[in-house]
Amino acid sequence: MGGMPILKLYNTLTREKADFRPIDPQNVRMYVCGPTVYDYAHIGNARPIIVFDVLFRLLRHVYGADHVTYARNITDVDDKINARALRDYPGLPLNEAIRHVTEKTETQFLEDATVLGCLDPTVQPRATENIAGMIEIIEKLIAKGHAYEAEGEVLFDTRSMDDYGQLSKRNLDEQQAGARVAVEAHKKNPGDFVLWKLSAEHEPGWDSPWGRGRPGWHIECSAMSGRYLGDVFDIHGGGIDLIFPHHENEIAQSRCAHGTEVMANVWMHNGFLQVEGRKMSKSEGNFITIYELLHTEKFGGRKWPGEVLRLAMLMTHYREPIDFSIKRLEEAEHLLSKWPVYGDAAGEADPAVVTALADDLNTVAAIQALHALAQKASADSRHLGTFAASAALLGVVPKEVELDEAVVHEIDGRVRERLELLKAKNYAEADGIRADLLARGIQLKDGKDPETGERVTTWEVKRSQV
C-alpha cells in the first residue's frame, strides 16, 4: 500500500466520513444486498450494482485483487417470487414454477451486470442454499431471549435489544413497523419482525424446529454475510431505501446472535433515483428495466450501450439523489465519444483518479481527471496506458465500434472525395468533410505513400457510436 492514499468513506452508522481501516488488510470483506429474483432489475437497481463495483475495483487496487472478498446475495425465496410464479406459470406445480422464475430472472440479472461492466463478486450466495445457517441463527436468538414463537411464527423481540435503531437513529417508542413487516396482535411490540414463518402445503418450505416453513426477509442476509465474511466484517452496502427496516434488522439479528458491538464497521448507502424529475413507478409509466434500456427503444426511442448507462450513473456522487434522463445519457455518450479506445495498452492508474475515488468514491472528480487524461492520450499515445488503467478503476471502457459494410463504404467514399478536393486546392470543402466525419467520431490522418509520394488518408473510429 506504499504511496496509496488513505481511503475515506462515509459511514451511515456514524454519519461521518472517516479513514477506512480494514479489520485485516489481507482479507478486506464487503457485503452488498443483491436482487430478489422475481422480476428483471430496474435502472434504480443498476445504481448499487455499479457503485459498489467501483468500490470493489478500488479496494482491489489498494489492497490487491487476492485480498478482497465481495459477497452479493441472490434472494430466491420470497412471497413476491411465489406470486409471480403463480401468475406466469399457472399450469405448473408451484416449486417448478418458482424455479422457472428465479432461474430466468437471475440469469438476466447477471447478464445485465456484465453489460454494465461489473466484475463478478467473489461469491454470490443464494438464500435457498443457506437455510441451515438461518435456522442456526434463529436458534441462538431464541436461546438468548431475543426471539419468541407466536402463532406459527418466530419473531425478533426488538425490546430485547438496548440500542435497536443504531443505524436509522429511530426511537423505538416512536417507530412504526417497516413496510414489509405486518403489525399483528400476536407481536409483543409493533416493530417485532418475522424470522421464520410456517408454509402452507403448496408453498415452498424447509423443515425446522418450529415446523415446515421459510425464512423472513432480513435473516437471509445475516446468514449469508456471516457464512462468507464472518460475524463482523468491513463494509456493508446497499440502497438508501434499505437502511430501515432491512439493514437495521440485519444488525439486530447478527449482533444479538453473535454478541458483537457491530455487524459491519462501515455502512454505505447510495441515494435515490428518479426518472425525468419524477419517482419511477409503473403507475407513472416511467418504470424501466436495465434490459429495456439496453435492448429496446423504450427510453428515448433507441437502445443505450452499457458503458453509457454506467458512466451516466457515475456522473453523480453516489450519496446524492440522481435524476435519470435522456439528457444525462446523451451527456455521458458525448463524453465517451471523446475518449480514446485503448485496446491492450497497459500502465499505472493516474494518481489524480485514484485520489478522487479514495475520497468517498468521488466519481465526479475522478471522471474530470479521467477526461483530462483522455485528452492527453488522444494527442499522445504514450499516455494510453495510464488512461487505460485509470478508466479500468471506474470500469468504463470506450468500445471499438463494429461498422457494417455500407457505413465503411460510405466513409471511404467521403475520404476519396476529400482527397479530390485537396488536389483541386478546394480546402474549405475538404475541411468541411473532415469536420463532418469528426462530428461522427471518425478521425482522419493524412500522410504520404512511401513508394509513390502521393497523399493518402487513413481513418479510425474514436467514439463509442458512429
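Even glycines carry a Cβ here, placed using N, Cα and C.
The Zn(2+) binding site annotation in Swiss-Prot covers Cys33, Cys221, His246, Glu250. Using a 10 Å Cβ-Cβ cutoff, Glu250 (Zn(2+) binding site) registers 26 neighbours. Under DSSP, Glu250 (Zn(2+) binding site) is assigned to a helix (H, G or I) in the three-state scheme.
Listed as Cβ neighbours of the motif ''HIGH' region' (35-45) (distance under 8 Å, sequence separation of 6 or more from its ends, same chain) are residues 74-76, 78, 80-81, 83-84, 101-102, 105-106, 108-109, 112, 239, 272-273, 275, 280, 287-293, 309, 324. Residues annotated as motif ''HIGH' region' in Swiss-Prot: 35-45.
Counting residues per DSSP class in helix, strand and coil order gives 0 helix, 1 strand, 4 coil for the motif ''KMSKS' region' (279-283). The annotation motif ''KMSKS' region' is assigned in Swiss-Prot to 279-283.
All protein chains considered, the CB of Lys282 (ATP binding site) has 8 other CB atoms within 10 Å. The ATP binding site annotation in Swiss-Prot covers Lys282.
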Rounded Cα distance in angstrom between Glu250 (Zn(2+) binding site) and Lys282 (ATP binding site) is 29
Those same-chain residues, other than Cys33, Cys221, His246, Glu250, found with Cβ within 8 Å of the centroid of the Zn(2+)-site Cβ atoms are Trp217, His218, Glu220, Ser222, His236, Gly238, Leu242, His247, Asn249
Quick note, Cys33 (Zn(2+) binding site) and Lys282 (ATP binding site): C-alpha atoms separated, nearest Å, by 23
CA pair Cys221 (Zn(2+) binding site) / Lys282 (ATP binding site), Å rounded to integer, equals 28
Whole-number mean pLDDT, the motif ''KMSKS' region' (279-283), equals 88
Least crowded of the binding-site residues Cys33, Cys221, counting other Cβ atoms within 10 Å of each Cβ, is Cys33
Cβ neighbour count (10 Å, all chains) around His246 (Zn(2+) binding site) is 21
